[in-house]
């Protein structure tokens, strides 16, 4: 087992086990590319909206253990229709946001679960099968979903292979001993693409391994952390444009930026808290490359927010494209909105209060 020290967890059932007519998850099932399903997402991709209408107090934990105050109200379905561009962008800076989970497709769910639990030390948090929609989901991670960034795997019946493309980079996992983890991966028949050693130009010991579907994982040697699943790396065509978008529209903080002229690339780390305590988004710009092939394997990241309506307004103001207008999912009250960034990477924002209700 990988030497990771995650926070204690208690696994709870998910509201996503509820069924509603015509509901599927955008970007997760092959059939979800049809117009009939564009309004339907997996509920774990949704986050609550906090509005000042007779609110009840609730809470959501960040990866560093700090409590995010959110509010649940009786009239939570109302939208923020009176917001101006100025106060919407200012509100984004104060919104209570956290990375919830990352979604992608795999060709053999049981095989992937076995690799993640036995080689990477993850726990299977929950699993559900939707036979009439012909897909199965599994959630894995290092702690409960109300306080940890987790992985959501999707298996579509009969599809055993996907194209990862050239745009997706890797996931990052913090471990206490990279060399031991690599030996375990090898012993289980896993593929090591970069042997343990210091990162170029630095002292951090890293290695790269691949899961059975070809998704790359960077292993980073760190001390105990509340968020072992610590990075998602995506490639972009204009780094400054992307940084501005994620700062303004997503309310992320630019944690650091490093240029590597010798290897002709620049990276930027963005997130909602320090890297040693929170999952972060790593954006990579390769000199002179403005477009990439995204394939059909990687799907999206889900982010929590207090207000999906204001979130959608801010995304539009910052040049993002809304692919699912904000509002409750059909048949239930979980409010979400979905968007594309300037490079076409998809994200789903979920109401924080609704997300907590889902986990309860």
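Cβ from N, Cα, C; glycine included.
Listed in TrEMBL for this protein:
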DOMAIN    98-222  domain 'VOC'
BINDING   152, 170, 218  Zn(2+) binding site
ACT_SITE  218  active site, proton donor/acceptor
DOMAIN    228-352  domain 'VOC'
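Here the Cβ of residue 152 (Zn(2+) binding site) has 26 other Cβ atoms within 10 Å, regardless of which shown protein chain they belong to.
Take the CB of residue 218 (Zn(2+) binding site) and look out to 10 A: across all protein chains shown you find 22 other CB atoms.
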